[in-house]
Every structure is written in C-alpha cells, then in structure tokens.
Amino acid sequence: MADRKLQDNGVSGQPKIAAIQDFDPPTRPKRNKYALGCAVLASMTSILLGYDIGVMSGAAIYIKDDLKVSDVQIEILVGILNLYCLFGSAAAGKTSDWIGRRYTIVFAAGIFFVGALLMGFATDYAFLMVGRFVAGIGVGYALMIAPVYTAEVSPASSRGFLTSFPEVFINGGILLGYVSNYAFSKLPTHLGWRLMLGIGAIPSVFLALGVLAMPESPRWLVMQGRLGDAKRVLDKTSDSLKESQLRLADIKEAAGIPEHCNDEVVQIPKRPRNEAVWRELLVHPTPSVRHILIAGIGIHFFQQASGIDAVVLYSPRIFEKAGITDDTDKLLATIAVGVTKTVFILVATFLLDKIGRRPLLLSSVAGMITSLMLLGVGLTVIDHSDHKLNWAVALSIAAVLAYVSFFSIGMGPITWVYSSEIFPLKLRAQGCSMGVAVNRVTSGVISMTFISLYKAISIGGAFFLFTAVAAVAWVFFYTLLPETQGQNLEEVELLFGTFFNWRSTLRKLKNKEGGEGKGQVQLGANGQSLIELLETLYFSTSPATLPCHKHTRLFEHQLHHKIKTMVADRKHGVSGHPEVAALDFEAPKKLKRNKYAFGCTILASMTSVLLGYDIGVMSGAAIYIKHDLKVSDVKIEILVGILSVYSLIGSAAAGRTSDWIGRRYTIIFAAGIFFVGALLMGFATDYAFLMVGRFVAGIGVGYALMIAPVYTAEVSAAASRGFLTSFPEVFINSGKCSFFSDVDGILLGYVSNYAFSKLPTNLGWRFMLGIGAVPSVFLALGVLAMPESPRWLVMQGRLGDANRVLDKTSDSAQKSQLRLADIKEAAGIPESCNDDTVQLPKRSRGEAVWGELLVHATPSVRHALLAACGIHFFQQATGIDAVVLYSPRIFEKAGITNDTHKLLATIAVGFIKTCFILVATFFLDKIGRRKLLLSSVAGMILSLMLLGVGLTIIDHSEKKLIWAVALSLASVLSYVSFFSIGMGPITWVYSSEIFPLRLRVQGCSMGVAVNRVTSGVLSMTFISLYKAITIGGAFFLFTAIAAVGWVFFYTLYPETRGLNLEEVETVFGTFFHWRSTMRKLKHKKVGNGDGHVQLGGNGQS
C-alpha cells in the first residue's frame, strides 16, 4: 500500500477541513448508584472484622479480669481470629466460584453470626476460643469475597471508590466495636465483655439479608456461562450501555468466551482444575503475575505489619501506657480512634479515583511513619518518666489519632482496592485470597504478640519497630506498586511484570496516546498517507489503542465506523484537494452514578459491618472480659486476634461457596454464620465458650470479607467501581451505609462498648458482643433484595439474567452491552452468543484454578497476587487492628485511665475513621487508587511515628504531660484518618478488581487470608509487643512497616481506576516495570481526555 502513488487517489493541492458531525460525543459518567449499592452491601461483610477488632480491644480488658487470663492468653485471644480467618479466606475463593460471590457473602455472615454467638455465650477461655475460631472463618470469607465482588461489579471509573468500601466497613465495624465496649463497660464484668462480643452477631443477620438484594457478580455469571444475567448486571452497574457492552466483552475474553457469542446461556469451555490456577499463580507465574502477587501480598502484609491492628486492638493498653488508667476513659479514647479512623476512611473513598491509589498510598504511609515515630517517642518518654508528662500523653494520643487517620486515608482502603484489581481474571479469587491470608496472618501475629512485644522492647520500642516496618513499606510501595487508577481490571495486568521498571511500561502506554486533547480527530494531509492511516486505524486498532481509558471502546466503535466509511470512499476515487476530516467529539462528561448498582454495593458491602463491629466492640469488651473472666493479657490478645485467624476458614471457603451458590447467597451465608457466632460470644460463660463464638464469628467474617468486594466489583460499572468497591471498608467502619448512618462497624462497636460500659462487668461485655448478631439479621434480609452478580450469572451460562442485571447496574444500555461482552469474553463465551441461557463447557475442579493462581501463574497473575496479598498484608501490618482493637490500652498508655473515658475516646476514633472512609469513597474514582493509597500510607507513617513519640514520652515520664497525651490522641486520630482515606478502602478495592475472572474469587480469598492472618498476628501479639518493646516502640515498628508498605505500593501497584475488570489484568505482569506497560497501553490510544484526536498532518507522518 505504501508503494502506491498519490495520484492514484487523485489528490492534489492544499488540504481542506471537513467536519464529520454525526460523531456521538461520549459523556463522562456519573457514579453508578446501583453499582454503588451493590458495593456497599458486599463491602458490609467487612464490618464483621471491624467490629471484632474494635470490640475486642475493650472486651479484652474485661475478659482478662473476668476469666483471670494472662496477657499472653489475651494476645492469643485477640489475634488468633486473624489466623482462623485464613481458613475462611482459603475456602472463600473456591466457595465463591462454586456458589457465586453473593451467596459467599451470605455464607460468611452466617458463619460470623455463629461465631459471635459462641463468643457471647462463652463460659471460659476455651469456649471463647471456639467462638473466635468460628468467627475467624467468617471473617476470612468476608475479607476475601467482599473486595472481589465489589471489583467485579464496579465500573472502572469508580472501582477505586467502590472497592475501598470493605475498608470503610472494617473501620465502621471497629468504631461499632469501640462504641459497644463503652456501652457495655458499666455492666458486670462477666456480662459486659460477653455482650460486647455476642452482639456482634446482629450485623451479620442484616448483612445476610441485605446481600440477597444484590445481583451476582457479572464476572462470576460469565464464568458460569450466564451471559444474559451478566449482561443485565453490567447494564445496571455500568455508567452506560456501551460501557456495559465493553465490560461484558472484556469479561468474555478473559473467560475464554468468543466475542461473537451473545446467547443468554453459553457452554463455557472446560477449565483446568483449581490446582492449575494455583500453579499458574505460584509455581509457574508469568512476570506480570509474579509482580502482581508480590504487590498484592506485600500491601496486605504491610497494612498489618505497620501496626494498625496493634493500635486498634490494643488501643486501651496504648492509652494506658500514655497515662489513661481508667477503663472507661480508655474505651472513650478508643472511640475517638474509631471516629477518626472512620472519618478519614470515608474521605479516602472519595479520593481513590481522583488522586489515584499510588499517591494516596505513599502519602498515607508517609504519614503513618511520622505518626508511629511520634507515638514511639511519646510512649517512650512516658515510660521512662517518674511523673506524668501531660505533653507526652497528648503527643501519644495525637500520634495514635494521626496514625489511624493516615492509615485510613490511604493504606487501609487502598490495600483492598489494589489487591482486588491487579490480579488477572482467572487468578483474581486465588490472588485475593492469598493477599487476605497474608493480611490476616500478619494481623494475627501482631495482635497475638503485641503485648509480649512491648513488654520485651517497651511500648515505645514496639512503635519504633512499626515505624521501621512502615518505612520499608513506603519504599516497597514506591518501587513496586504502579498506579491502577482508571484502568479496567483486565488492563491492570499490563502494568505489572517489569517490577522496578514498571514506570517505563507506564510511559510506553502513555506514549501510545495521540492528539492534543482538543476534542477533534484530524485525518489526513496528503493523499495516500491518509488512506493508509485510515486503513491502519480501521483494520489494526485494538481496544487498548484508543483514547481516554474510561471511554476507549465507546470511541473505538464509533471511530471505526467513520473510518470504515471513509476507507470505502477510496474505491470511488479522490480528486481535488485532499480533505482533512475532523471527527469532533466533546470531552467525556461525568455521568450520574447508577443508583441501582449503588444500592447493590451498599447491601453487599454491609457484610463488612460484621468485621468492623467485632473489631470495634472487642477493643472495649476486652477490658471487661479481662476483669470478668480473670484472663491474662496473652489470652486477651488471643481472644481479640484469633477471629482474624478463624476468618481464614471463611475466606478460604468463600471462593468456592460463591462460585457454587452465587455471590448473593454467600453473603447471606456469611451473615448467618456471624449471627450464630455473635450469639455464642454474647452468651459465653467462660473463656473457652467465648473462643468458640469467636471461631464461628470468624468464619462468618472470613466469608463476608471475601465475598463483598467481589460482588461489588462484579456488579459495579467501571466508572464507579472504585467508589462502590470501597464500601466494604466503609462498612467495616460503618454499621450501615455511610449515606444512611453516621456510625459504622467499628464505630458501632465503639459505641456499643461505651453504651454497655455501665452495666455490670459480667453483663457488659456479653451485651457488647452478643448484640453484634443483630446487624447480621438485617444484612441477610437486605441481601435478598440484591440481584446476583452479573459475572457469576454469566459463569453459570445465564446470559439473559446477567444482561438484565447489567442493564440495571449500568448507566446506559450501551455500557451494559459492553460490560456483558467483556464478561462473556472473560468467561470464554463467544461474543456472538446472545441466548438467554447457554450451556457452558464442563469445568474442571477448582484445584486447577488454584494451580493457575499459585503454581503456574502467569506474570500478570503473579503480579496481581503479590499486589493483592501485599496490600492486604500492609493494611493490617501497619497496625490498624492494633489501634482499633487495643485503642483503650493505647489511650490508657496515653494517660486516660478511666474505662469509660477510654471507650469514649474509642468512639471518637471510630467516628473519625468512619468520616474519612466515607470521604475516601468519593475520591477513589476521581483521584485514583494509587495516589490515594500512597498519600494515605505516607500520612499513616507520619501519624504512627508521632504516636510512637508521644507514647514513648508518656511511658518514660514520671508525671502526666498534657502535650504528650494530646499528641498521642491526635496521632491516633490522624492515623485512623489517613488509613481510612486510603489504605482502608483501597485494600478492598484493589484486591477485588485486579484478578482475572476465573481467579478472582480465589485471589481475593488469598488476599483476605493474608489480611486476617496479619490482623490476627498483630492483634494477638500487640499487648505482648508493647510490653516487650514499650508501646512507643510498637508504634515505631508499625511506622517502619508502613514505610516498607509505601515503597511496596509505589513500586508494584499500578493505577486501575477507570479500567474494566477484564482490562485490569493487562496492567500486571511486569512487576517493577508496570509503568512501561501503562505507557504501552497509552501509546496505543488515540487522543486524550477532551476527545480531540489528531491523526496525520503531513504525508506519511
């Protein structure tokens, strides 16, 4: 063609400009409200973990007194839930692939319900541990499935916002736990902690009910061959019908379904066994998968390793070290922590898609480092002073608040956002589950060793250690985490695989973009070159080569039509002056958020309330449990943290459960389990009985944490997926959707602590825990109103049902069709297949999926898994659970000695946490996951450093230093704020949107498992940790972890904002070189955000 003569076309003279007027200008979508609702509902599973963390921080105080257990036993009790939740996280992937994302959320809630009941009715330490085991399994399910669902249901434009919701609801649950601690603190010791724990079963009930109103994940539907159902879900959760069609096409491609297959139900090609998925993820991963895996696991590890669970779980002890000795005052202080954390996590949800994951994460971790350092200093000064130094107390308190603020604004949500969106579709479930596993293991280790740690190296030393970890995290994030903001889930994989060179990949992607952003396409300049250009564009342009990541395919389809017509005109000959055709289209305008998708997200994300309430209420209930059951700090640590371990069971089972029964019923199942667990905790007669309740509730939390983000991601349109999938984090912080309630899971836990603090000790903690069963009832009922995930419907071959869900959750019929096409493609359904129901090829067992995820992972899958597990790990490893669960102790260390005052302080923490997580949800799809995450982690680093300084000063001062107390309180609030605005919600957003469809559930379950293990470790070791290295040292340690997390996020985490779930995978695989992948993607694009694309200019150029 290049050899042709220009005169063949009859071209001469100077070019003129002719405008092609019939090019439809795409408008920027508003956030899809239906996807938002789905994300909120799915993310509410996270409240199970949040409540357990929050309530255990206070309940541990009374458990120790009541059951007469040692600090080591308290550590184990607090942190063991995170280890137990590994079972849930491990099972969540296969469960969600088996029964669907939605029913996995229900299943998680049900398990946690049982666990909470067992804890509430525990008669001794052993019984209490059983409850922790059950609750841990539920938490494991919840942590894994919520981000996955949210990421799969969310549109790319708001995925950061939506998938941050699990962290929002973790914070909400923590605040609820804190409030519960304070509420039941006046009850008799033997009752107070039982109510604190048992009442945690209530959120799981509402969660399971609410999830029923959610649709199934469209990606899961596609994997089931239910293209029609997936299409309907995508139509509802996408910003436009075109986007829905594009998303469906991406999902179909990822699932191996031919693009032309448009039947309602199709026969999915036989898929390898789950072992192959794990093999692809762990044994033979591609560079991108390896990079993703490192990033996912790293961020989950650093989230917990930076001391967040130590701060949340042992905040009463931290405040005690800071100079607050009264149990009530400690619980009030933990409430302050919960409020701060919640406020900032809400802020973070709105920033994730505006600023980006990476900047927010780095900023958050930096703030965490500073806060941890200051906290270590404050606590060290207090610890070595013969008299109380008020300035050191104030510094410690301020540092705690600053730390949780920074964590909440970045590290907290971004961990879930990032880990949920970086894994390729086929490995997403497994990758996320690994991230959650790392998160929970790290949390469990920290929570079960914190008391011992600060006893060994002083509490100031413990926070100095956290500071160091946070510093390492910052470097890790900086070097390995690319920005994923605005990327489709199936595009994110392209950013991974080059590890430290990801920036070059991003630059290559950007270099492929053309135009000046004026909203016009210039075609031609001289003769043959124009024809060649048009033909090249028409015949070779791929979806990745076109502009404006959020509107690439919409523009591609229209541009191809124009080019096809112009190329055809060549046959008639061109004479005279060559014309320059201008394709005028206006810059995309923001569409309104789909209300139906918003509602589904709200219902699904409410599962996170179960975790959030448990976290919040346990922080205060632990105070009375310790007094009532006469248990040691070690037992309190175990009681507080063991739920995270138990939740691993739920998270592990959630994947298969959700793939089997669907996402919706999995949420109901999770709520039911948590209901039973909460009742068991509420009626616990001793420590053992309480542990049984924790076990059951943990399983429910595990289910909820895994399924909610998955459902939310699958039902959300790309434009608002970040917003919607951040809702699980909102409801971890929130007891209800942030738009309907001022309180959250953690906040409710805090409030519950305070509300029941006046009851007799033996009643107060039991009411705090037992009343947690109430939300699970409403959740289960609410979920019934949700549609099934369109992706799950497609995976079942129910294309008609999926199409109907997509129609409701998308902003237009065109976007619904595009989403359905993406899902069909991901599920391996031919694009031409448009039957309502299609027969999918017989799929092999889920072992092949795990093999593909872990054993033979492609680079992109490995990168996504690393990112998901990493963000889940760092979310917990940075000390959020320590702050939430042990906020009364933190406030006690800061100088607040009255239990009531401590609980009121925890309410403040929960309130702030809730506020910021709500704010964060609106920024996820505007700023982007990456920017918000980096900013959040940076703030967390600063807050943790300041908290460590404040607590260290208080710890070494003979007199109370008001300024140190104020600094500590401010640092706590700042920390939870930064966590809530980034790290909290983004963890769930990211982990739920980065995995490919076939691996999403398993990947998310892995992320949840990491999350719960990390949380369990932290919560079960926080008391021991700050006893070993002082409370200031503990927060310095969290600071260091946060720093490492920041680096991890910066280097390995690409931006996924605006990408379809089926597009995110392409961003991963190059690891440190994900930036070059991003550049390559952008190089393929024509034009810019204004929609003005300049083609040609002169001759061949």
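The backbone N, Cα and C atoms fix where each Cβ goes, and this holds for glycine too.
All TrEMBL annotations are machine predictions without curation.
The shown structure was predicted, so the numbers you read here are calculated from the model rather than taken from an experiment.
As recorded in TrEMBL, the features of this protein are as follows:
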DOMAIN    38-485  domain 'Major facilitator superfamily (MFS) profile'
DOMAIN    600-1057  domain 'Major facilitator superfamily (MFS) profile'
TRANSMEM  34-62  transmembrane segment
TRANSMEM  105-123  transmembrane segment
TRANSMEM  129-149  transmembrane segment
TRANSMEM  161-179  transmembrane segment
TRANSMEM  191-214  transmembrane segment
TRANSMEM  332-352  transmembrane segment
TRANSMEM  667-685  transmembrane segment
TRANSMEM  691-711  transmembrane segment
TRANSMEM  767-786  transmembrane segment
TRANSMEM  903-925  transmembrane segment
TRANSMEM  932-954  transmembrane segment
TRANSMEM  960-990  transmembrane segment
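Remote same-chain residues near the transmembrane segment (667-685) are listed as 41-42, 45, 48, 99, 101-124, 127-128, 130-131, 134-135, 137-138, 141-142, 145, 194-195, 197-212, 214, 603-604, 607, 610, 650, 654, 657, 661, 692-704, 707-708, 711, 766-767, 769-773, 776-777, 779-780, 783-784, 786 (criterion: CB distance under 8 Å, separation of at least six residues from the stretch ends). By the Cβ criterion (under 8 Å, sequence separation of 6 or more), the transmembrane segment (105-123) is not in contact with the transmembrane segment (960-990), since fewer than 3 such pairs are found. Ranked by number of Cβ pairs under 8 Å to the transmembrane segment (960-990), the listed stretches 129-149, 332-352, 767-786 are led by 332-352. In summary, the transmembrane segment (932-954) lies against the transmembrane segment (332-352): three or more C-beta pairs, each 6 or more positions apart in sequence, are under 8 Å. Taking every listed stretch (34-62, 161-179, 332-352, 691-711, 767-786) in turn, the largest tally of C-beta pairs under 8 A with the transmembrane segment (129-149) is reached by 691-711.
Highest Cβ contact count with the transmembrane segment (191-214) among the listed stretches 161-179, 332-352, 767-786 falls to 767-786 (criterion: pairs under 8 Å). Non-local neighbours of the transmembrane segment (332-352) in the same chain are 54, 57-58, 160-161, 164-165, 167-168, 171-172, 174-179, 181-182, 311-312, 315-316, 319, 324, 360, 364, 397, 400-401, 404-410, 412-414, 417, 485, 616, 619-620, 722-723, 726-727, 729-730, 733-734, 738, 743-744, 746-747, 749-751, 753-754, 880, 883-884, 886-888, 890-892, 894, 896, 898, 900-929, 931-933, 935-936, 969, 972-986, 989, 1057; each lies 6+ residues outside the stretch with a CB under 8 Å from one of its CB atoms. Listed as Cβ neighbours of the transmembrane segment (691-711) (distance under 8 Å, sequence separation of 6 or more from its ends, same chain) are residues 38-39, 41-49, 52, 77, 80-81, 84-85, 87-89, 91-93, 95-96, 101-122, 125-153, 163, 165-166, 169, 197-198, 200-201, 204, 207, 211, 214, 216-217, 220, 416, 420, 429, 432-433, 436, 600, 604-608, 610-611, 614, 638-639, 642-655, 657-658, 663-664, 666-667, 669-684, 725, 727-728, 731, 769, 772, 776, 786, 789, 988-989, 991-992, 1000-1001, 1004-1005, 1008, 1011-1012. Within the model, the domain 'Major facilitator superfamily (MFS) profile' (38-485) shows a mean pLDDT value of 80, rounded to a whole number.
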